[in-house]
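Taken straight from TrEMBL:
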COMPBIAS  1-15  compositional bias 'Polar residues'
DOMAIN    35-184  domain 'General stress protein FMN-binding split barrel'
REGION    1-24  region 'Disordered'
Amino acid sequence: MPEQLTSQEVNSKTDPSVAKQWDNDVSTEKKFEDFYAIADKLKVGLLGTLREGTGPVHRSMAVAKRAGPDFLFLGNAHSQKFNDIEKHPEAVTVTFQNSSTQDWISVTGKAVTASNEDPRIKEIWSKGTSAWFGDLGDGVHTGKPEDPRMTLIEIQSKYISYWKAEVGALGFGKEVLGAIVTGGVANTGALREMKEDEIAQARKSDSALTS
């Protein structure tokens, strides 16, 4: 049921939607377990970079692989986003939203790029990737892993926040309607965050499992 707005929340300038859905007291293991479960269902996200003279710029990109709390993408070295990353490698974001459940993820991190000599490219490349590169027919610019344009983008997470739905579509509608009718605040899910220390530990744990 919707929870009532309190005068204390107003006087303290608290966002009641955040406060009433805040669920950060669960264990780090639980936070990452749910984070991975959401992320692994979302194959396309918005990769955001900071562009000189423009500001934040976002584009849709398919995730090539999730590596623990980090994300790997494949991009064309001729893309302007690599200029953005070179100038502002630590001003990168990745966002996802599940349109069915409304689950969402927001990642702030550092972008590290690698040329086609990085062996991980062969591991994560798929035939579908070549559709976005084209084949020049010169035996070099083929859209395959050896293509000199093929570049790895690794987003090393520094801050993660996500929201996990805890009601279905019907429950979501009832909660929102109830809030409108009663003047309460809808509570439909769990809002959590992970900072650098937790992320570093999760990265270490993932490395131990995959080594």
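We number each residue from 1, going along the chain as drawn.
Here the Cβ of each residue, glycine as well, is placed from N, Cα and C on the backbone.
Keep in mind it's a predicted model, so treat the numbers as computed, not measured.
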Within-chain partners of the compositional bias 'Polar residues' (1-15) [C-beta distance under 8 Å, separation at least 6 from its ends]: 175, 178-179, 182-187
Taken over the domain 'General stress protein FMN-binding split barrel' (35-184), the model's mean pLDDT: 96
Secondary structure content, the region 'Disordered' (1-24) (per DSSP, counts of residues): 11 helix, 3 strand, 10 coil
